[in-house]
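Report on the structure given below.
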Amino acid sequence: MATASESYLCGGARGLVAELSRHFYAQGWVTGTGGSITVKANDPALPLAQQLIVMSPSGVQKERMVAEDMYVMSADGKVLSSPVSKPWPHKPPKCTDCAPLFMKAYLMRGAGAVIHSHGMETCIATMLDPGAKEFRITHMEMIKGIKGHGYHDELVIPIIENTPYEYELTDSLAEAIAAYPKATAVLVRNHGIYVWGDSWINAKTQAECYHYLFDAAIKLYQLGIDWTTPEHGPINSAKRPRSVLSSGVPNGCSDAKSSKHCVVLDIEGTTTPISFVTDVMFPYARDNVRKHLTSTYGSDETKEDINLLRAQVEEDLKNGIAGSVPIPPDDAGKEEVINALVANVESMIKADRKITSLKQLQGHIWRTGFESKEMQGVVFEDVPEALKHWHASGMKVYIYSSGSREAQRLLFGNTTYGDLRQYLCGFFDTTTGNKRETRSYFEISQSLGVDSPAQILFITDVFQEAVAAKSAGFEVIISIRPGNAPLPENHGFRTIKSFSEI
């Protein structure tokens, strides 16, 4: 291992972990020997993936740790250096029980540091809705401190169930990391949170923002205010604590009745003409993919897009997907990498593939188009009025589309009728699951927290999606719009030609 890395370990990284532990102890994140911290030993001569790892020990008083108490590990998790034993009443040294979970963040996300907090707000945030698989919050300034998010974005953090032993969480944590490619944290119900970043500064900043947002959600919950909607109006009775229930009619995205009712809308062929997607959005993404990749090649966002595309293409090549071409390593040169990326993306667009790696990149390209006013979102003329009506009636309205959540927000935020996001309470995309699989709709029903899936109305133009949603217990209506594909005879679903018929 490089001398620079060894020097940093001796004089810097181990001392840094001790210092951070004392700081986090004061915040209440690592009291009672709980919680843990790990950082990569910064060595400019080595790629991040090859740098040594420092981890705090397990079962020790975190506020009393010193540099010599730390474990040093290789990039693949092998222990290279252990602390010496201390006299009674100290326990024999043991590496943190979080080690296998930390390694998942290092290996799957290319993290530079990971923080595991037992902060009380991280526990209580998972208890606000005991059945929820995600924590969601929007329109809070501190969301801007989370990588890849802005004030108007909805922050979504997966929640996994706790287990008696820390190491037993490893598989479920890995599944959550894989299912939520944009997430930089995973909550563990009744336990705490894992937060990672590309450096200790980034991880610490995000951890502070997450704790702030959880604390805000808890306080808003106590006040009967809904933290999940843009308006932060009165919370519905399913979420609101008994002490703050009222008989008034809620506003915003809350419910006007004791039983919750939600509407989930498809986009293409339901709210928006298929022709706008096929003749405007897809061609814009296809024609601008090279320009976008070239101009943003070194950015963190594009690096993440490229990593997702690499993983998808590797899988496609194994499965013999037509049009897939190998993507050379970075050291082959920027131009060679971009040429291969463009070839794969153009093939994916031509095949209209509903995959996260493509949809995420398209969303970033479309953002440029909407921001520059080269594109403007199109919806059918009956859509704005229906959204306003449902909003005024206290119904929550969500979007579920194969396009990325960012692309959905861009479309509805820049329509010919103005910004329609004020009437929408959330967005689901393929990170939730394939739209033709029943499990995806089950996950949505769990996230929305309804008493029964039958309280959710799903509107789509695709027969297979309608069948999947119905199998999950949703009420389903099929949208008949100009340009939509024909339906099978005797399909058995109610159909409409306008939202005004609902």
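Backbone N, Cα and C define each Cβ position, glycine as well.
Annotation source TrEMBL lists region 'Methylthioribulose-1-phosphate dehydratase' at 1-226. Mean predicted confidence for the region 'Methylthioribulose-1-phosphate dehydratase' (1-226): the pLDDT average there is 90.
What TrEMBL lists as domain 'Class II aldolase/adducin N-terminal' is 15-218.
Per TrEMBL, the feature substrate 1 binding site maps to Cys98.
Sequence-distant neighbours of His118 (Zn(2+) binding site) (same chain, six or more apart, CB under 8 Å from its CB) are Trp29, Val30, Thr31, Gly32, Gly34, Gly35, His191, Gly192, listed in sequence order. TrEMBL lists His116, His118, His191 with the feature Zn(2+) binding site.
The Cβ of Glu141 (active site, proton donor/acceptor) has 11 neighbouring Cβ atoms from other residues within 10 Å, across all protein chains displayed. The annotation active site, proton donor/acceptor is assigned in TrEMBL to Glu141.
Residues or ranges marked as region 'Enolase-phosphatase E1' by TrEMBL: 263-502.
According to TrEMBL, the feature Mg(2+) binding site maps to Asp266, Glu268, Asp461. Around Asp266 (Mg(2+) binding site), the same-chain residues six or more apart in sequence whose CB sits under 8 Å from its CB are Ile399, Tyr400, Ser401, Lys435, Phe458, Ile459, Thr460, Asp461, Val462, Glu465, Ser479, listed in sequence order.
Annotation source TrEMBL lists substrate 2 binding site at Ser401, Ser402, Lys435. Within 10 Å of the C-beta of Ser402 (substrate 2 binding site) we count 23 further C-beta atoms, all protein chains included.
Geometry remark: Ser402 (substrate 2 binding site) versus Cys98 (substrate 1 binding site), CA distance 35 Å. The two recorded residues, His116 (Zn(2+) binding site) and Glu141 (active site, proton donor/acceptor), show a Cα separation of 23 Å. All chains included, 20 other C-beta atoms sit within 10 angstroms of the C-beta of His191 (Zn(2+) binding site).
Counting every protein chain shown, the number of other Cβ atoms lying within 10 Å of the Cβ of Glu268 (Mg(2+) binding site) is 22.
Highest local Cβ density among the binding-site residues His116, Lys435 belongs to His116, counted as other Cβ atoms within 10 Å over all protein chains shown.
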